[in-house]
Amino acid sequence: MADAPTFNAQPCDIITQLVLGPVSPRVRNARQASADRWMEIETILHESTRHDGVAPFSEQFLRGMEEPDLNHWHALVRVDGHVRGIAAVDPSGPAVELAVHPSYRRGGLATALQRAVRAHASSLGLGDERDIHTNGIGLTWWAHGDLPPARAAAEHIGATADRELLVMELPGSVVKDESDNNPVAQAAATLPDDVTVLSWTESARRWGKDAVDAAWLAVNNEAFDWHPEQGGWDQARLDQARRASWYDPDGVLLLWGSEGDQKDGDTDSLPPLLGFHWTKLAREGDDETGRKVGEVYVIGLARKAQGRGLGRASTAKGIQYLASNDAAYVELYVEADNAPAVHAYEALGFTVVERHTAWKF
């Protein structure tokens, strides 16, 4: 722990550690935060969400606090002995997210956390700490909601906007509309007759889990060879993603082509996988009282399947699956500069509700 420096006349000190460990205060060891510290961290995240109208940490960073094998690194900033801010580094990006309690903002705590992250950069192989103030360190800082304080903090340290991610939402009135005039139903009806949609569970039962996973990974990596987070997956990365508490194999919809004999158990007759729609269904809040929220989590198409309207049809099929499982509404994330995708989602009834900015520093 460093001596207590002063940033903008607000005394604070920084604690850094490799892994916080499980959020539950009942499960602790030497590498994990104390129960009191966890309560303070959870308070920061809760109050930030309530104040800003958007959560400061994405799912990957929340998992990084619970799962040591993700190897996330954390810095905590304390004022008067209490944690008032947290920064997290995901080495796979590398990417950063941070949060400061709303009552302690504009006091230099975000700057203190950013300095701690900069000091950690050399251990990630991102350059010498003495040079990073002028040359940058190659980290991506995600500012959720693109709020003015975050934008000001980013500009203060010389960061530049690199990506913008839109959150789009389909209201419950559209999700639950079963009429033929529903744009979702109309899009689902365009699925070609020679394409069969099966869940991962159904597919694995027919052709074996290993063959299905291999086909899924091949399409994923072909579809996202350009993507910094979704591309280049292997079996270990897929297994890691499936450890999320909300994961349901029935919610992974796979689009199979018509070639090949589809006898049960005959893995040699695996037909070509044209694409997939990985849906997500979770609850708002931290308990079972919140509404179910559906998400168009990942959609990927093989190159040979592109240009056939399968993206639109598979999106609609996934929304129908989420609706059948009582989703109150459906959301998705899309790159702001992907105009064709944004227009396609708008045609289904989605509207933009949030903007998230990735800053390079």
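Heads up, the Cβ atoms here are built off N, Cα and C, so glycines get one too.
As the structure is a computational prediction, the values presented were derived from the model and not from experiment.
Annotated features in Swiss-Prot:
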- 25-173: domain 'N-acetyltransferase 1' (DOMAIN)
- L98, A99, V100: acetyl-CoA 1 binding site (BINDING)
- 195-361: domain 'N-acetyltransferase 2' (DOMAIN)
- 299-301, 306-312, 338-343: acetyl-CoA 2 binding site (BINDING)
Cβ atoms near N338 (acetyl-CoA 2 binding site) (within 10 Å, other residues, all chains): 12
Fewest-neighbour residue among binding-site residues, criterion Cβ within 10 Å, set A99, V100, L301: L301
Non-site residues, in chain order, whose CB comes within 8 A of the mean position of the CB atoms of L98, A99, V100 at acetyl-CoA 1: I44, S48, P56, G85, I86, A87, E97, H101, L109, A110, L113
By Cα-Cα distance, the member of binding-site residues L98, A99, V100 nearest L301 (acetyl-CoA 2 binding site): L98
Entry from the binding-site residues list G307, G309, G311 having the most other CB atoms no farther than 10 A: G311
Cβ neighbour count within 10 Å of I299 (acetyl-CoA 2 binding site): 22
Most Cβ neighbours inside 10 Å, all chains, among the binding-site residues L98, P340, V342: L98
